[in-house]
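**Student:** This structure is in structure tokens; I'll ask about it shortly.
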Amino acid sequence: MSLIECKNINRYFGSGENRVHILKDISLSIEKGDFVAIIGQSGSGKSTLMNILGCLDTAGSGSYRIDGIETAKMQPDELAALRRERFGFIFQRYNLLSSLTARDNVALPAVYMGMGGKERSARADKLLQDLGLASKEGNKPGELSGGQQQRVSIARALMNGGEIIFADEPTGALDTASGKNVMEIIRRLHEAGHTVIMVTHDPGIAANANRVIEIRDGEIISDTSKNPEIPASNVGRIQEKASWSFYYDQFVEAFRMSVQAVLAHKMRSLLTMLGIIIGIASVVSVVALGNGSQKKILEDISSMGTNTISIFPGRGFGDRRSGKIKTLTIDDAKIIAKQSYVASATPMTSSGGTLTYRNTDLTASLYGVGEQYFDVRGLKLETGRLFDENDVKEDAQVVVIDQNVKDKLFADSDPLGKTILFRKRPLTVIGVMKKDENAFGNSDVLMLWSPYTTVMHQITGESHTNSITVKIKDNANTRVAEKGLAELLKARHGTEDFFMNNSDSIRQMVESTTGTMKLLISSIALISLVVGGIGVMNIMLVSVTERTKEIGIRMAIGARRGNILQQFLIEAVLICIIGGLVGVGLSAAVSLVFNHFVTDFPMDISAASVIGAVACSTGIGIAFGFMPANKAAKLNPIDALAQD
């Protein structure tokens, strides 16, 4: 059985009236260890035949077998395996990757074989040394002469063993001396047992082969053996290694090439990232603003009392009949305070009237409350003391004032111990509250607090309260407590003539509202991310077009479609991840500036938003990078190699 066997191979280019018959019923066989020169003039079809033999192209009809296996039935990755494991290509124009060193160019086929990094580099160095390039391992193609580049190409062809060497006009771009050197190397490869198939138009070059096949107008016109065949010997073949290092090395190589591609076009890459940067920065900043404002509002709500339920007369806020309902009493507050889930209950009554100190009259609001009211509402004392349980029991004529009252009446003096009149009733100032700055603004209303017994018995003369504030124990469910209080009061009053305001309901409403707003604004900001993703896809399509030749070279040395797909997909994801990280950094910088100048509420960048931003940018890279990457992976090797 012959190593290579072709029967009735035909190849056509074009279609319809422009269809050209390039190869016409080509039949030949090549034995293991042959050195075959295919000679012919330009346009004769010799290069097309070699491309088919090298599995870079496919025949229009006919049979092509390698070791008896029909190649027409092979999938693209199976053909890539042949090129990777058994073939080695020496091109007329060298086809080296300009961004890689000589060592890396030579080692590249072994990446797709799964060879470890150290072993790969050592083998590449040995091949370069054997070809007289030991001192050029770190040089890039642009730093080498034509002859040196071709020797690098030969070393690359041998990296995975190169059982069958395909040489396409190997001396065509070289001077005479370099050409002779290259031909001497090829002859030595043949003598070492490699099967060599060489294409040339020069009879002098063809004379180096032991068999010459001449093609004219797509047909074989002669097939002669000029020299005795050299007995074939086994050529060492590198075995593919399917291990974790196999996938790791391929990923590292793809990542490195992606970084080089991004850095090769810095400005273009930056402009491509711009849409991602703006989108991510917008989303993270909006979420940070939402988090900051939500946190501030919830803190303010907490400062007004957490786990609290306020009970009011009537059916709800704005109920005109609530003023006529007088069933909410001190006894209700006392019964409520005895419930197992209640920490405390404080009634509250209020009265508006004239506040007088010396010759100054002001309009103020006096609130009659229990001694626990301040703790429940989170109000802080600045100076003096708060009234206690005894003050409540004894109807003590004491009062605690707010900062507004202090500023109006005692701007230049200490208010403690002073007597003020409210609705002509004397009250002694025993304490001053701190300014209560919360999300609902700073009221200019003058506020005072006295024991509810004092207000009810000495000022309003009423026996009912305006409200009852209930503090629920920390281990109790406020929803269950609210339901229990409602049933208790309904039983006492005989009707539901009250309504409740649960602080947790306000908290949940704020969280829900701010969450909805964050989602809405983030959705708008996401539009810029989509635009950025389209920009990435556009640039990646341009990159595929620009690097078509590189794709062809990688396929020729054995890259699978998955390898090409992976490389371009990594490049797209890399651009988006870098853009995402820069966007997060930009948002962090904005938040620092914002928090420096704005003190009402901070921008709060959470770890979740950062992780989400990076994940989102990665997803955009995958989503918008897949089409260009898939286009690159589906290129035909010979078509890709033909691009300049």
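Just so it is clear, glycine is given a Cβ too, placed from its N, Cα and C backbone atoms.
Remember, predicted model here, so these are calculated numbers, not experimental data.
Reproduced below are the annotations present in Swiss-Prot:
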type	residues	note
DOMAIN	4-242	domain 'ABC transporter'
BINDING	G40, Q41, S42, G43, S44, G45, K46, S47	ATP binding site
TRANSMEM	270-290	transmembrane segment
TRANSMEM	524-544	transmembrane segment
TRANSMEM	574-594	transmembrane segment
TRANSMEM	607-627	transmembrane segment
**Student:** Using a Cβ cut-off under 8 Å and a sequence separation of 6 or more, which residues in the same chain sit near Q41 (ATP binding site)?
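**Tutor:** Expected: H201, R216.
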**Student:** Does K46 (ATP binding site) have same-chain partners at least 6 apart in sequence with Cβ under 8 Å from its own Cβ, and which are they?
**Tutor:** I38, I39, G40, V199, H201, I215
**Student:** Considering only Cβ pairs under 8 Å, which range in 524-544, 574-594, 607-627 makes the most contacts with the transmembrane segment (270-290)?
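**Tutor:** Stretch with maximum Cβ contacts: 574-594.
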**Student:** Does DSSP give S47 (ATP binding site) helix, strand or coil?
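**Tutor:** SS state of S47 (ATP binding site) = helix.
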**Student:** Can you name every residue in this chain, apart from G40, Q41, S42, G43, S44, G45, K46, S47, with its Cβ inside 8 Å of the center of the Cβ atoms of the recorded ATP site?
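**Tutor:** Going along the sequence, the neighbours come out as T48, H201, I215, R216.
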**Student:** Mind checking which residues reach the transmembrane segment (524-544)? Cβ under 8 Å, same chain, six or more beyond either end.
**Tutor:** 261, 268-269, 271-280, 282-283, 286, 551, 568, 571-572, 575-576, 579, 616-617, 620-621, 623-625, 627-629, 631-632
**Student:** For G45 (ATP binding site), write down the residues of its own chain that are at least 6 apart in sequence and whose Cβ falls under 8 Å from its Cβ; none is a fine answer.
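**Tutor:** In sequence order, the residues whose Cβ lies under 8 Å from that of G45 (ATP binding site) (at least 6 apart) are R11, I22, L23, I215, D217, G218.
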**Student:** Under 8 Å between C-beta atoms and at least six apart in sequence, can you list the same-chain neighbours of S44 (ATP binding site), or say none if there are none?
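**Tutor:** Spatial neighbours, sequence-distant, of S44 (ATP binding site): I215, R216, D217, G218.
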**Student:** What's the most sparsely packed of the binding-site residues S42, S47, counting other C-beta atoms within 10 A?
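**Tutor:** Among the binding-site residues S42, S47, the sparsest Cβ neighbourhood within 10 Å belongs to S42.
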**Student:** Which of the listed binding-site residues (G40, G43) has the least company, meaning the fewest other Cβ atoms within 10 Å of its Cβ?
**Tutor:** G43
**Student:** What mean pLDDT does the predicted model reach across the domain 'ABC transporter' (4-242)?
**Tutor:** 88
**Student:** Would you mind pulling the DSSP three-state label for G40 (ATP binding site)?
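**Tutor:** Assignment for G40 (ATP binding site) reads coil.
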